[in-house]
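What Swiss-Prot says about this protein:
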- Arg46, Gly47, Ala48, Arg89, Gln196, Asn247, Lys248: substrate binding site (BINDING)
- Cys157: site 'Transition state stabilizer' (SITE)
- Asp237: active site, proton donor (ACT_SITE)
Amino acid sequence: MSFRTIEWRDDAVIMIDQTRLPMEEVYQRYTDFNAVAEAIRGMVVRGAPAIGVAAAMGVALGAREIIADTQESFFRQLENVCDVMARTRPTAVNLFWAIERMKQKALSLKGNPLETIRTGLKEEAIRIEAEDLAICKNIGRHGADLIPEGATILTHCNAGGLATAGYGTALGVIRAAHEAGKRIQVFSDETRPWLQGARLTTWELMKDSIPVTLISDNMAGFFMSRGEITCCVVGADRIAANGDTANKIGTFSVAVLAREHGIPFYVAAPVSTLDLSLADGSRIPIEERPSTEVTHIRGLPIAPEGVKVRNPSFDVTPAKYITAIITEYGVARGNYTQELAALAAV
C-alpha cells in the first residue's frame, strides 16, 4: 500500500488524518497520550484494529510521560493513562484488548528499572502493529477462497488498511482475491453519516486499482434485486460468543437485504474482535455520537436547526444473517458458539 495508517517513529505516533481524506493526505504527529486519546475520539484514526494499535501506542507514549520515583507511583499513573484510553470509544473491543495486553506487559516487567518498562511497552505496541498487519494478510488469504471469479462484492463502511495497521479485514479479503488474479469489482456503500465508504473505501481501492463503484446506502437493495451483487463482505467492531456482530450503523440493514435475496454475507475480523464474555449481542455497548454528524456535512448544515437527532454509530447483526465469519485462523460457518470458541483458543 502507498500509505501508512499508523506507526511509531522517533518516539512519536504518526497517523494519517482520516478526517481529511480523500481531499488531503495529511499525517499527524503525536507525542502526548492525551492527544492520541483525542485522535481516537475524534476519528482521526478509526476502525477497531487500528484503534487497538493507536491505544497501545498511546499507552506507550503515556509511560514515557510519567514522572515517578517509585514503581508504585509509576504503575498508579500508568493505570490512569489506560483509563483515559479506555474512555475514548466504547464499542470496539480491540481497544480494550490492546490496553489489557499493554497492562500485562507492564506487570511482567515490574521490578525492573522504569526505563526498561517504558522500552518494553514501546516494543509491545510496535509488536501489536506488526502482528495486526500479518493477521490481516491471513484473514485475506482465508477469505479470498470464498470469493468467486467475476464477483461483485458489496462492502459497508471501511474495513481496509485505514481501519487496521495495513491491508484490512474486509478489504483484505478483497485485496487477496484481486492479488490472486480473480476478476472482481466492488460496490461501496457511502455509509452515512460519516461517509467512510465514500471517503475512505473508494480512496483505498482506487489507489490499488481495484474496480469500485460508489452507491448511496439506500441503493443496496435495488442492486441486489437486479442480481448485480454476488456477496457482501464487512468488518466488525465486536463479535459476541454466538456470532452476533456489532459493526458500523447500517450493516444490519445490508445483512437483512442479503438474506432476503439469497446473497452470502461475510464478516471478516481478527480473533481479538471476539468478546466471548458476551453470550449474544444484546449487551454490546453502542456508541452515540454527536448530532452534528447527521445534521451537517463538512461543516455545512443540511437539516433544520434544533431538529431532534439520534446518531448510534453501530448496530448489531444477529448471527442468523451471517453466512460465515472469517478470522486469521480460519472460517466459522454457522455453529458460531462452538467454532468461535475453538478459533479463540488457537
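Numbers run from 1 along the shown chain.
Cβ coordinates are placed from backbone N, Cα and C, and glycine is handled just like the others.
In this structure the C-alpha atoms belonging to Arg46 (substrate binding site) and Asp237 (active site, proton donor) are separated by 10 Å.
Each of the binding-site residues Arg46, Arg89, Lys248 was scored by other CB atoms within 10 A of its CB, and the lowest score goes to Arg89. Secondary structure at the residue listed as 'active site, proton donor', taken from DSSP and collapsed to helix, strand or coil, is coil.
Within 10 Å of the C-beta of Gln196 (substrate binding site) we count 27 further C-beta atoms, all protein chains included. Listed in sequence order, Ala48, Thr91, Ala92, Val93, Asn94, Ala246, Asn247, Lys248, Thr273, Phe314 are the same-chain residues six or more apart from the residue listed as 'active site, proton donor' with CB atoms under 8 A from its CB. Between the CA atoms of Cys157 (site 'Transition state stabilizer') and Gly47 (substrate binding site) there is a gap of 9 Å, rounded to the nearest whole number. Counting only same-chain residues six or more apart in sequence, the Cβ atoms lying under 8 angstroms from the Cβ of Gly47 (substrate binding site) belong to Asn158, Ala159, Gly160, Leu162, Ala163, Thr164, Gly235. Under the DSSP three-state reduction, Gln196 (substrate binding site) is assigned to helix.
Using a 10 Å radius centred on the Cβ of Ala48 (substrate binding site) and all shown protein chains, the other Cβ atoms total 28.
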